[in-house]
């Protein structure tokens, strides 16, 4: 596959439970800023078609890992493979193909403030594809509909949207090219519980219908319980435990214990 | 799909989305082939749009040869199906897999809705007049707002919360930081005026008068004007950008909620700093302008430094110096008020920040020059 220019993303969209193919693998990742080591020998595998929830104490390096995977941070050691290819050994075309097969929802949306929602969603399409204008509008409207925004929102500018709408619009942009994997950085933070539950539902639905792999950094216990297939816990500069929610509940690790058996978690578990 | 049919027709080949068509008596069978994905859907989109008008009563879509499909492909299929059904034709799916069915359902709502109307800006016969009218009212509005800022800066400064530290810090940034560039600019301007003056006066054998020309021009006009323009560009833009980005990130609102007057806190120190820094900078600028002129006069016209200073001392009195300096606090005030006003008008987008900073610098320079002209008329009429 490294020979072809395109990532056959549909191949990666159908999550086959038995096969459990690794879509993203991080091996022995080390990231240092100056003298401060943030990640030290971290290993993580994300399987195609799953929703992975990524948790950890504030300041433990969740965002750093996400940025490292996306290539926005330098790492001092280790390898990252996306779709079975080491991202450092790719030439520009192969790298572009990989970029096209992934979508990112930044924590604060990062919508382009001078473009309206429709144009924001069309940015990746314009950049990579040669689509007729009419079809591009239709596809952008499709994404708007899929993420649950009202059609009129298409003409609004980011500063005219509420917090929840910004997140939805940013998700629509992340889904613009029908990626095989999306990275969500705290997608439900700042949303009201109903909005957050809707968003969780949406992520689950997209994952089920599109076979989408979701890598979700979150602090939201509801999200972890309701949508995540698997949870990875970051601590001590590496992934401390990874497993299903049941694994978490019986885990011996003290931080995981207090996280999942704390007062707030107990109310959700009921 | 084996095509024994002679009418079999291939629309697109290879990786891209395509359709193979088989005609029979009871209708058409379309076999969908290739990748029906966002990347390759453009090839078939136009053909699928025409299908609704060209298709017979009954049509069968065969999904067996689709290599890959995503929401874009599903959307195009679903849209075509909706169009066919609206035209009263029957559509059947064959060999459709479960996941394809799920995808087609997921895009069903979007496929049947039409594009919402873009709120039109409405260009009519009256539009040019409306634009003129609006900008006149906006100008009046801005004038009011500028005086509002001036008023609340003065009002907000009274009582608690005048921070001497803030004022000194601003003087450092606006004044001390600008010294090198202001000195350099004024020395060059003084030198240029001296050189051109010397060349023209040479015809009359009156080269010594270049001293009178340069000293009056620098002290009355260019020293103050060039410095004010420099500060309008350098500090006016900085003030607009600072206040504007604070406005964007709701820091201005935070100040209000805490109970501080944002204009008193943000604008007042900058206004005071500008009004102290600009006259001081002008003094330095005057010296630099005269120094530049002295060097050039010595070089081109052999007027010695002593002769220059003696001549200048006989001609220039304190009135000339003050005619230049007295303008500068007013210019500083105008720069500060305009920059703060534009900063407060920044909206939510990065674009509006850029537009406001540009407007701030352009307006400040414009007002500085107009003020200079007004002072010139005023001084002439009172014989100052």
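Backbone N, Cα and C atoms are what each Cβ position is placed from, and that goes for glycine too.
Over in TrEMBL, the protein carries these features:
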COMPBIAS  B:20-29  compositional bias 'Basic and acidic residues'
DOMAIN    B:30-102  domain 'STAS'
REGION    B:1-31  region 'Disordered'
TRANSMEM  B:145-168  transmembrane segment
TRANSMEM  B:174-194  transmembrane segment
TRANSMEM  B:225-245  transmembrane segment
TRANSMEM  B:283-300  transmembrane segment
TRANSMEM  B:321-341  transmembrane segment
TRANSMEM  B:361-382  transmembrane segment
Helix, strand and coil counts within the domain 'STAS' (B:30-102) (DSSP): 34 helix, 21 strand, 18 coil
Residues from the same chain, set at least six apart from the ends of the transmembrane segment (B:174-194), whose C-beta lies under 8 A from its own: 210, 213-214, 217-218, 222-223, 226-227, 230-231, 234-235, 270, 273-274, 276-278, 280-281, 284-286, 288-297, 300
Cβ contacts under 8 Å made by the transmembrane segment (B:225-245) with residues that lie 6+ beyond its boundaries: 173-174, 178, 181-182, 185-186, 189, 252, 266-267, 270, 274, 277-278, 281-282, 285, 328, 331-332, 335-336, 338-340, 342-344, 346, 353, 356-357, 360-361, 364-365, 368-369, 372
Chain residues in Cβ proximity to the transmembrane segment (B:361-382) (below 8 Å; excluding those fewer than six residues from its ends, i.e. six or more beyond): 221, 224-225, 228-229, 232-233, 236-237, 240, 323, 326-327, 330-331, 334-335, 338-339, 342
PLDDT averaged over the residues of the domain 'STAS' (B:30-102): 82
